[in-house]
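Database features (Swiss-Prot):
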{"type": "TRANSMEM", "residues": "12-32", "note": "transmembrane segment"}
{"type": "BINDING", "residues": "Asp57, Glu90, Asn268, Arg398, His399, Arg400", "note": "UDP-N-acetyl-alpha-D-glucosamine binding site"}
{"type": "CARBOHYD", "residues": "Asn59", "note": "N-linked glycosylation site"}
{"type": "TRANSMEM", "residues": "91-111", "note": "transmembrane segment"}
{"type": "TRANSMEM", "residues": "124-144", "note": "transmembrane segment"}
{"type": "BINDING", "residues": "Lys155, Ile255, Phe256, Cys257, Thr258, Asn259, Ser260, Ile261, Asn262, Ile263", "note": "dolichyl phosphate binding site"}
{"type": "TRANSMEM", "residues": "156-176", "note": "transmembrane segment"}
{"type": "TRANSMEM", "residues": "236-256", "note": "transmembrane segment"}
{"type": "BINDING", "residues": "Asn262, Asp349", "note": "Mg(2+) binding site"}
{"type": "TRANSMEM", "residues": "263-283", "note": "transmembrane segment"}
{"type": "TRANSMEM", "residues": "316-336", "note": "transmembrane segment"}
{"type": "TRANSMEM", "residues": "345-365", "note": "transmembrane segment"}
{"type": "TRANSMEM", "residues": "374-394", "note": "transmembrane segment"}
{"type": "CARBOHYD", "residues": "Asn416", "note": "N-linked glycosylation site"}
{"type": "TRANSMEM", "residues": "442-462", "note": "transmembrane segment"}
Amino acid sequence: MTLGLVESSRNAAFAVAAHAPVLGLILLGSIVAYVGTLRYIPNVARTLLDRNIFGIDINKSTEEQRQKFAAKRRAGQTEEKEFQKQAIPESLGILVGAMYLSVVVVLTVCLRFLGAAGEGLDNPYASLPGPLMTITVMLLLGFVDDVLDVKWRHKIILTALGSLPLIMTYDGSLSVLMPCAFGRFGLSTMNVMKEWRLGLAAPQGEPTTTFRATAPSTWFSFTVNHRSYVKVTESGAALIYLGPVYLVYLSMLCIFCTNSINILAGVNGVEVGQSIVIAVASVVYNLFQMRLDRQLTPDFSSLDAAAADARDMTSDHQLRALLLLGPFIGVSLALWRYNRYPARVFVGDSYTYFAGTVLAVSSITGVYSKTLLLFFAPQVFNFLISLPQLFSIVPCPRHRVPTWNPRTNLLSNSHNYTILNVILYLFGDMHEAKLTWAILKCQVIACVLGFVVRYVLSAFLYDEVR
């Protein structure tokens, strides 16, 4: 295993070196995104305050203090000094998203027309307008939510509609490779049919279904109207064509990622921090996967082109994902400097929607959506324990954040069903900054375990792990 890891790392390094011009341009764009966001945050923050788009830090004030401030604000009795002390600019995600989209669009133009991406519409970046449109729609939806406070049922519908541009331009495989145990079960139960062909006659005009023995590399195939829906190889691996069902899965992935970042929030820096950790893990994954540049899996060499594309992780997929992830890390790092404890700006729903969409879109573009779900393990856990409140089985307040104790300046368990309160329940009261770092440590551990599952434990389910 050690020798294999060394060899894979060497191949990844060679692949990165081969694509150094493109990766260098992406890195340059990421630096520009970081510097530009850092430069404009103070100006945009003042503009948002002037437009009365601000919030009060719940974890640094009591309910009585917030009500008193709101009453003074309505009566026009708030002094400027008091206002500047209490009010924190909100929805800075709109600036971050705008800077990100500007940089990515410029990078796409440069890569397409300066020779790095090839010529014509067949270059790997020609399909990016769809993903970028989805990111734009989600960003604007988040800003609308900041201003109008959209209800949850409407959020689900709108995020589903926002994922349509991505789904319409998706050019990847619609097949799923199942573990070997799945195929071996079929082999053991249907072994008596190995040397036979079974033709099922159908009325004229109806689809014809055939079970056929094929080439040695593909032991069993289930075909309807020349479309292979199930293929099982001699090794036992099964490739199942899902078609439109897979597109529904991708849409649901966008909905989940967008809202999961949004509900794991409430303390300074946690939204941006978790997004940065997942994005960095995704970058590492894509760089490592570049070692497979134009390598085909022998067991599936005879399958159709769509199946081959699913197993042939060419660098085109990774470069597109890195193009989306690099500038995102840049703008998020700049926002982190202002949003970490003590927060000088709030990111708002515009950032959480934007961040979740970028991570989902990059995984779909880079063909690693299942691996992304491993990185999202804390968000999945937080979502599962939140279900009783999200479905109103138990009372659900508007803000499910921990309770702030003004005497100790610590956060305590508010008995809401979130991972933040689980940590406080297990380890006791914490300072807000310490709680944020505890969440980020959990996120790092989840990403490391995700790599272990992806490259080590999956070997027990698949004959070949790439």
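Glycine is no exception: its Cβ is also placed from the backbone N, Cα and C atoms.
Where Swiss-Prot records a feature, it is marked here on the structure.
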residue: Lys155; record: dolichyl phosphate binding site; Cβ neighbours (10 Å): 19
residue: Phe256; record: dolichyl phosphate binding site; Cβ neighbours (10 Å): 18
residue: Ser260; record: dolichyl phosphate binding site; Cβ neighbours (10 Å): 21
residue: Asn262; record: dolichyl phosphate binding site; Cβ neighbours (10 Å): 21
residue: Asn268; record: UDP-N-acetyl-alpha-D-glucosamine binding site; Cβ neighbours (10 Å): 23
residue: Asp349; record: Mg(2+) binding site; Cβ neighbours (10 Å): 27
residue: Arg398; record: UDP-N-acetyl-alpha-D-glucosamine binding site; Cβ neighbours (10 Å): 6
residue: His399; record: UDP-N-acetyl-alpha-D-glucosamine binding site; Cβ neighbours (10 Å): 10
residue: Arg400; record: UDP-N-acetyl-alpha-D-glucosamine binding site; Cβ neighbours (10 Å): 19
residue: Asn416; record: N-linked glycosylation site; Cβ neighbours (10 Å): 20
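When each of 91-111, 156-176, 236-256, 316-336, 374-394 is scored by its Cβ pairs under 8 Å to the transmembrane segment (12-32), the top-ranked stretch turns out to be 316-336. Comparing local CB density within 10 A for the binding-site residues Asp57, Glu90, the maximum falls on Glu90.
Within the set of recorded positions (Asn59, Thr258), the lowest number of other Cβ atoms found within 10 Å of a Cβ is recorded at Asn59. When each of the listed stretches 91-111, 124-144, 263-283, 345-365, 374-394 is scored by C-beta pairs under 8 angstroms to the transmembrane segment (236-256), 345-365 comes out highest.
Glu90 (UDP-N-acetyl-alpha-D-glucosamine binding site) falls within neither a helix nor a strand when secondary structure is assigned with DSSP, and so counts as coil. Listed by sequence, the residues of this chain that lie at least six past the ends of the transmembrane segment (442-462) yet keep a Cβ under 8 A from its Cβ atoms are 1, 177, 179-181, 237, 273-274, 277-278, 281, 284-285, 371, 374-378, 419, 423. Listed as Cβ neighbours of the transmembrane segment (263-283) (distance under 8 Å, sequence separation of 6 or more from its ends, same chain) are residues 57-59, 321-322, 325-326, 328-329, 332-333, 335-336, 339-343, 347, 351-352, 355-356, 358-359, 362-363, 366, 368, 372, 375-376, 378-379, 382-383, 386, 390, 399-402, 411, 418-420, 432-433, 435-436, 439-440, 443-444, 447, 450-451. A helical conformation is recorded for Thr258 (dolichyl phosphate binding site) in the three-state DSSP classification. Each of Thr159, Thr352, Tyr353, Gly356 belongs to the same chain as Lys155, Ile255, Phe256, Cys257, Thr258, Asn259, Ser260, Ile261, Asn262, Ile263, is absent from that list, and has a C-beta within 8 angstroms of the C-beta centroid marking the dolichyl phosphate site. Nearest neighbour of Asn268 (UDP-N-acetyl-alpha-D-glucosamine binding site) by Cα distance, taken over the binding-site residues Lys155, Phe256, Ser260: Ser260.
Here Arg400 (UDP-N-acetyl-alpha-D-glucosamine binding site) is positioned 6 angstrom away from Asn416 (N-linked glycosylation site), judged by their C-alpha atoms. Ranked by CA distance from Asn262 (dolichyl phosphate binding site), the binding-site residues Asp57, Glu90, Asp349 have Asp349 at the top as the closest.
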